[in-house]
Amino acid sequence: MEFLWAPLLGLCCSLAAADRHIVFWNSSNPKFREEDYTVHVQLNDYLDIICPHYEDDSVADAAMERYTLYMVEHQEYVTCEPQSKDQVRWKCNQPSAKHGPEKLSEKFQRFTPFTLGKEFKEGHSYYYISKPIYHQETQCLKLKVTVNGKITHSPHAHANPQEKRLQADDPEVQVLHSIGHSAAPRLFPLVWAVLLLPLLLLQTQ
């Protein structure tokens, strides 16, 4: 039964470690005015796209922002022009939905069991652009997502210089000697005596 807990524990740990990165996809988001709006993620993180939403009637329906989002290659990202309808990723087309703004999510996973799912690799960048539906839009909304590699730190990279001055014979310093020695616990002389006593008694009989 205990073997069943291992995959469940691993799944829980991976879910707990995943981050969610939120992007509000509308023309009023100042981040889209940056030249290279980039979000950095790790594998198994999520990207949440929040679509435009209007809670009152102050904006005419024809003026409400609606977008078709595409996942494209770098050159199409630069020109902000998709090449195929097959590149359509999502549609933000319910700006006045009663349940609130639409949320579209992408999981950056190495493998996916779904036919329409996307697979991502560490060290690669992925590109999203949008084209307006109905309304006129002069600004190109586009996003670059980079999947970072695993962060590794050298054990001595951030060592405290003060720690290097500590001497091994300092009574307040506990030094663990692990290099060149067995990891098995050492047996004290009294323990050896207890273990050898039965052998000594057998020899005397």
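A Cβ is built for glycine as well, from the same backbone N, Cα and C atoms used for every other residue.
What Swiss-Prot records for this protein:
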DISULFID  CYS51-CYS92  disulfide bond
DISULFID  CYS80-CYS140  disulfide bond
CARBOHYD  ASN26  N-linked glycosylation site
LIPID     SER182  GPI-anchor amidated serine
SIGNAL    1-17  signal peptide
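Projection of Swiss-Prot feature records onto the structure.
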residue: ASN26; record: N-linked glycosylation site; DSSP class: coil
residue: CYS51; record: disulfide bond; DSSP class: coil
residue: CYS80; record: disulfide bond; DSSP class: coil
residue: CYS92; record: disulfide bond; DSSP class: strand
residue: CYS140; record: disulfide bond; DSSP class: coil
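Residues within less than 8 Å, Cβ to Cβ, of CYS80 (disulfide bond) and separated from it by at least 6 positions along the same chain comprise ILE129, CYS140, LYS142.
In sequence order, TRP25, ASN26, TYR67, CYS92, GLN94, PRO95, PRO101, GLU102, LYS103, LEU104 are the residues of the chain that are 6 or more apart from CYS51 (disulfide bond) and have a CB within less than 8 Å of its CB. Put plainly, the disulfide-bonded residues CYS92, CYS140 were compared by Cβ crowding within 10 Å, and the winner is CYS92.
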